[in-house]
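I have placed the structure first, in the form of structure tokens, so that the comments after it can refer back to it.
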Amino acid sequence: MSYSTRQIGAANTLENRVFIEKDGQVVSPFHDIPLYADESKKVLNMVVEVPRWTNAKLEISKEEKLNPILQDTKKGKLRFVRNCFPHHGYIHNYGAFPQTWEDPNVTHPETKAKGDNDPLDVCEIGERSYTGQVKQVKVLGVMALLDEGETDWKVIVIDINDPLAPKLNDIEDVEKHMPGLLRATNEWFRIYKIPDGKPENQFAFSGECKNKKYAEEVIQECREAWEKLIFGKTSPGEIDLTNTTLQSTPSFSPSATSAVPTASPAAPAKIDQSIDKWFYISGSA
């Protein structure tokens, strides 16, 4: 199963879209890519939205047909994550698990907050990647960010092909082989919105990163929530459910690919120099 990307327009522009292709045909990274690459070995597929050390706030579009990756906007302007010293941009390869959904109608019994209406967020702690890459990963743990009153899980994973992958099998292995990384992850998620005038984010479980078993339970809950969504048992709101592979679902539409423009890649547009500024946050390490 081979995945590739179809880029429309230049990165860092409002027009830019990155579609995912499987064997040359456009698929939805939200609905068509299987959650598991190999369920018996607990190997999952992850869609990379933001490569580490970059600033553009890229995400799978829930509302557009076939859910391309695009840059988030606010009041018509492209959004970028600020650099919070000593970090630069996103500190991990950041993305999402396909075929998962954090249901905004359900309050989690332990976080006491509803889901954030997005696919499940993933932090891949290995080496550099690219937007639209479909990585095969193994789960190590999960943090529960409380983002503006919503439960926003952050699943910690490692690419199975990463040199460190054989040594990392649960969350305690991360501290052993990558000391300081979980503390830095907690700090970054806590402070990264402060330069934009927002308050510090909070965590459930006092910021503790839960282990692999707990993370797997969260993933299963979000998988079941997505299944209800895609089969029409939960109202989708503005979420586009169009897919090209799930024949038994109401929104199965293989012909939808014909409306996707042909690839038109271009060199990235220049980013304003202000995005390179470092912000020094009081109370951060």
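Even glycines carry a Cβ here, placed using N, Cα and C.
Of the residues proposed, Asp152, Asp159, the one Swiss-Prot records at the same Mg(2+) 1 site as Asp116, Asp121 is Asp152. Geometry remark: Asp121 (Mg(2+) 1 binding site) versus Arg79 (diphosphate binding site), CA distance 18 Å. Arg79 (diphosphate binding site) and Asp152 (Mg(2+) 1 binding site) are 19 Å apart (CA-CA, integer value). Residues Asp116, Asp121, Asp152 make up the record's Mg(2+) 1 site, and a Cβ search at 8 Å around their centroid adds Glu102, Gly115, Asp118, Leu120, Leu145, Asp147, Glu150, Thr151, Trp153, Lys154 from the same chain.
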